[in-house]
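S.K.: Please read through the structure below; I'll follow up with questions.
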Amino acid sequence: MLYDLLGGMAGDIQALNVFRYITFRTGGATVTALLISFLFGPRIIALLKAKQRRGQPIREDGPQTHIIQKQGTPTMGGFLILVGLVPSVLLWADWSNRYVWIVLFVTLGFGAVGFADDYLKVSKISPKGVPGRVKLFFEFVIALIAMWALVLVSSEPLQTALTVPFFKTLLIELGGFFFLFGALVIVGSSNAVNLTDGLDGLAIVPVMIAAASLGLIVYLVGNAVFADYLQIHFVPGTGELAVFCGALIGAGLGFLWYNAPPAMVFMGDTGSLALGGALGAIAVAAKHELVLAIIGGLFVLEAVSVIVQVASFKLTGKRVFRMAPLHHHFEQKGWAEPTVVVRFWIISVVLAMAGLATLKLR
């Protein structure tokens, strides 16, 4: 909005030229989202607490300490993140950029699926919400619509091609399979973040780290000069997604203020599915789907731990981990919750640095 209102006046008022800069608007979106989520946080949390009464149902088969320590904490805190994120993006982003609208569509669509899941859990006072197959169906519908839109706005030769890290010019043409591949990235990213969201502050910081990394990537791939210098594929228009990433970080920081141990509110599926879907959509738009697996490696580890645990138990009757997802395994080994959280944050930073290194190591 401000880009259109004030950027167009830059010819008459030189100072307004800053609204044309993606970096300035990214910073503005970050601060705006932080202030909104921070200031409205207490009211939203109080409302959630009043409506939910007993708070988020705690898994009886999970760590027993959670039943005692986390009982009564409200969920759906992702709504607080979205309240900070969406207005900030609309205020600071270029409304004519179609990538921004596509990622917003994915974010709100997955957020709606998560909200339905959280609502059923709270209303039924049960950890079981929307059936898994139903949830996946709607997630894939949203993701496939987004993929159709992303292919429409992309240009040849990148429309349905997969770029490979460490290789300058290598493109793997996927054709029609690219729609399914991209949808898998978006849905997989969404559910991987969802599985990671099991301890106070555990998911939101790695999400912000991934958003910061992707924000830098979209800024570089969306700039012809930087893309040519780094010898990465130039994707026109994706630079505007840096504003979205900035807003996500700001909203995440505001949420973390209330989600830090001991949490006053849980993110819930409303937040985890929305944020994970957003990260996946941004990676697909920037043609860095495989790099997302490195940057978001912590989410991959959490998801794989669940897959391995379930497969092993069904095939052999034995469990590989003491409990899945992975963070619960370390809790069962005797690690304190803050220890697990901070160490997983460190892993996220290291993996993000490794992912960003692929921009130069070619």
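Every residue gets a Cβ built from N, Cα and C, even glycine.
Checked Swiss-Prot, it gives:
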type     : residues : note
TRANSMEM : 28-48    : transmembrane segment
TRANSMEM : 73-93    : transmembrane segment
TRANSMEM : 100-120  : transmembrane segment
TRANSMEM : 134-154  : transmembrane segment
TRANSMEM : 169-189  : transmembrane segment
TRANSMEM : 201-221  : transmembrane segment
TRANSMEM : 241-261  : transmembrane segment
TRANSMEM : 264-284  : transmembrane segment
TRANSMEM : 290-310  : transmembrane segment
TRANSMEM : 339-359  : transmembrane segment
S.K.: Check the transmembrane segment (201-221) against each of 28-48, 73-93, 134-154, 241-261, 339-359 and return whichever range has the most CB pairs under 8 Å.
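M.R.: Out of the listed stretches, 241-261 contacts the transmembrane segment (201-221) most.
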S.K.: Quickly jot the same-chain residues contacting the transmembrane segment (169-189) by Cβ under 8 Å, restricted to those at least six beyond its ends, or write none.
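M.R.: 106, 136, 139-140, 143-144, 146-148, 150-151, 157-163, 233, 276-277, 279-281, 283-284, 289, 292, 296, 299, 303.
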S.K.: Please check if the transmembrane segment (134-154) comes into contact with the transmembrane segment (100-120), where contact means 3 or more CB pairs closer than 8 Å and the residues in each pair are separated by 6 or more positions.
M.R.: yes
S.K.: Are the transmembrane segment (28-48) and the transmembrane segment (100-120) close enough that 3 or more Cβ pairs fall under 8 Å, when only pairs 6 or more apart in sequence count?
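M.R.: Contact absent: fewer than 3 Cβ pairs fall under 8 Å.
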S.K.: Could you check whether the transmembrane segment (241-261) and the transmembrane segment (73-93) come into contact, where contact means at least 3 Cβ pairs under 8 Å with the two residues of each pair 6 or more apart in sequence?
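M.R.: When sequence-distant Cβ pairs are counted, the transmembrane segment (73-93) touches the transmembrane segment (241-261), since at least 3 lie under 8 Å.
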S.K.: If we skip the immediate neighbours and take only residues 6+ beyond the ends of the transmembrane segment (28-48), which ones have a Cβ under 8 Å from one of its Cβ atoms?
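M.R.: Answer is 2, 74-77, 79-81, 83-85, 87-89, 91-93, 243-244, 246-251, 253-255, 257-258, 264-265.
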S.K.: Please give the sequence-distant neighbours of the transmembrane segment (73-93): residues at least 6 beyond its ends with Cβ less than 8 Å from one of its Cβ atoms.
M.R.: 1-3, 25-26, 28-30, 32-34, 36-37, 40-41, 44-45, 48-49, 52, 55-56, 100, 104, 107-108, 111, 114-115, 118-119, 121-122, 240, 243-244, 246-248, 250-252, 254-255, 258-259, 263-275
